[in-house]
Amino acid sequence: MRIPIFTAASLALAVLPCLAVPSYYVSRDNGCEHQVKESITPPHGWTKYAAAPPYHTITLRIALSQPHFSTLEQHLAEISDPDHPRYGAHLSAEEVDALAAPHSDSIRLVDEWLAGHGLKDSDIARSSSKDSLSFTVPVKLAEQMLDTEYNVWRHDDDEYILRTTRYSLPAKLHAHIELVQPTTIFARWKGLKSHLFYEDVEVQTKTLASPLMNVNNFNVVGGGILPAGRVDPNCNYTITLNCLRQMYNIEYTPQAIDQQRIGITGYLEQFANIEDLQSFYKMQRPDALGSDFEYFSVAGGINNQSIEAAGTEANLDVQYAFGLAHPIPGVYWSTAGRPPFQADIATVRNTNEPYQEWLDYMSSFPNPPAVISTSYGDAEQTVPRSYAVNVCRGFAKLTARGVSLIFASGDGGVGDGNPDPETQKCISNDGRNATRFSPLFPATCPYVTAVGGTNSYPEVAVYFSGGGFSNYFPRPAYQSQAVNQFLGKLGNTYQGLYNRFGRAIPDVAAQGRHYAIHSRGKWASIGGTSAAAPVFAAVISLINDARLAQGKSVLGFLNPALYKSAIPGLNDITEGNNPGCGTNGFSATDGWDPVTGLGTPDFLKLKDIYTNMP
Ligand SMILES: *[C@@H]1O[C@H](CO)[C@@H](O)[C@H](O)[C@H]1NC(C)=O
Ligand SMILES: *[C@@H]1O[C@H](CO)[C@@H](O)[C@H](O)[C@H]1NC(C)=O
Ligand SMILES: *[C@@H]1O[C@H](CO)[C@@H](O)[C@H](O)[C@H]1NC(C)=O
């Protein structure tokens, strides 16, 4: 199964290790001369601020080329297609590692290069398939290795990071290394604040002057499913577990609860508070009182259980995902890292590329939860294409093991970037300063399921629902028919503002406003596609349970079957639009649209569809 991608010429170049001497000492044809690997224009809003403090240390991560990745993609296409005989035959971690492994020449050459710069094997951390390695060096050494210059860059919002806009590698390493980061990433993942709307004061005082009273009015304690099609009128203003159960027909008692788990990822010092969870359960899910979830710290992620310290995002995700899926066990990962750069701190371990950190950790995580929901992201254009592609491959590796990865589609409508504060235009960073819609990454990765938002009942698209078309990832076959139908209706509208051939998001949707959560000791109302993602994840977790109870596999990579078979189990949302970038955005319409995707879940129908699949 070895796929030879290395030409005779590149192997001939690979004979001698490159020494850590300036390039003018070595001859031009031994492959040691640095050549530019990547060069970018920083996104709107960033300016060079100061030279990098030379003794500051930086943790570099190198991703090696994966010559067998297309084979892994082929496996994934088969095991996620309900009409294929291998549907549901998920791969083991060992099989995935073998398919993700780099060529042995790549490992050897890169090791020689690192050794030439004084790095010992014990200084280097490696992922289980050895396709990713990381090590910490002074900035000065990183600059030599990459023939570059790091600077402190400042964002208009007074945020600082250490980056470069261009880096180089010895020529003979180019075919072996996909990327080195952090170099050219200007993402601000902590843009999560834009993914979490504290409802405005007016709404709060009108409908939530006494959120507790409101919650009580729902009869959340005794409640449950109203007669078919009936939804409590209060669900127009406050979303509770019972509202979701009524709207989405979630009437089910899990039966295979020891056979799978549901996971939530947290980044940027987010973790959930157990006491708040208990207060939430007490009011909304009394049968879950006293239940907890497993906590894992990734690379030093924290878990301070002081009630003022927990993150609202984490509390929201945990309360709704675990509250709906109970008693299916929950898992929470907190990945370390506080991106804003502080020049006075000598060591900044995390370097604002949390996904690779988490993915490396997951590559050797045994028996991962069958569904994992993530509510973090940033504009696709703030990460280089090479990084987006590499991280997306990491997600593909995890989905190949049978994990459904669910991501929030963003809260900026068609403009999930940093629109110019004056003109509201979304400006491309391809050097042309063109106006361009700005979708959210990782939602645009074709191996994850992107969830948009709705509000009210009957449901309409919520105005901030992130949607649009990737500028990096081509449209995957599984959605081409559904998306082409939409594009046919759209005609020439917005021509030039989006990539007609791109991966389109969202795939599905769920309620995105007015969630009653318990956080920092009190009830609060919160919204965002951040809320929609864990809700959809919980629905999938319950469907997995129904399949496991039949002795079938969990669903794994969802999208091919969603577009092929699940459409009758989704409520098509046909009203509303997602303005952004100074436009009205796209409009929800019959069938798939870039506002609410294929629609919101109808659990009972989906359960029928999926339990009738092989
Ligand atoms: C929500 O409000 C709309 C518009 O006022 C109304 O038509 C609908 O019946 C309300 N929903 C419920 C569940 O009462
Ligand atoms: C936990 O958070 C609280 C409130 O922010 C803070 O006062 C306390 O020092 C933190 N504890 C630890 C161990 O970090
Ligand atoms: C794009 O905008 C940047 C920052 O405002 C400016 O420096 C640059 O000259 C512009 N480029 C073009 C092609 O207009």
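Cβ atoms are placed via backbone N, Cα and C, with glycine included.
Here is what TrEMBL says about this protein:
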type	residues	note
ACT_SITE	E313	active site, charge relay system
ACT_SITE	D317	active site, charge relay system
ACT_SITE	S530	active site, charge relay system
BINDING	D572, I573, G591, D593	Ca(2+) binding site
DOMAIN	238-613	domain 'Peptidase S53'
SIGNAL	1-20	signal peptide
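A coil conformation is recorded for I573 (Ca(2+) binding site) in the three-state DSSP classification, outside any helix or strand. The least crowded of the recorded positions D317, D572, judged by other CB atoms within 10 A of its own CB, is D572. Secondary structure from DSSP puts S530 (active site, charge relay system) in a helix.
Here S530 (active site, charge relay system) is compared against the recorded positions E313, D572, I573, and the shortest C-alpha distance is to E313. Looking only at the domain 'Peptidase S53' (238-613), the predicted model's pLDDT averages out at 90.
Ranking the recorded positions E313, D593 by how many other Cβ atoms lie within 10 angstroms of each Cβ puts E313 at the bottom. The 10 Å shell around the Cβ of I573 (Ca(2+) binding site) contains 27 further Cβ atoms across the protein chains shown. Between the candidate recorded positions, S530, G591, the densest Cβ environment within 10 Å is the one around S530. Note: the Cα of D593 (Ca(2+) binding site) and the Cα of E313 (active site, charge relay system) are spaced 27 Å from each other. Sequence-ordered, the extra residues of this chain that approach the Ca(2+) site, with Cβ no more than 8 Å from the Cβ center of D572, I573, G591, D593, are T574, A588, T589, D590, W592, T596, G597, L598, G599. Reduced to three states, the DSSP call for D593 (Ca(2+) binding site) is strand.
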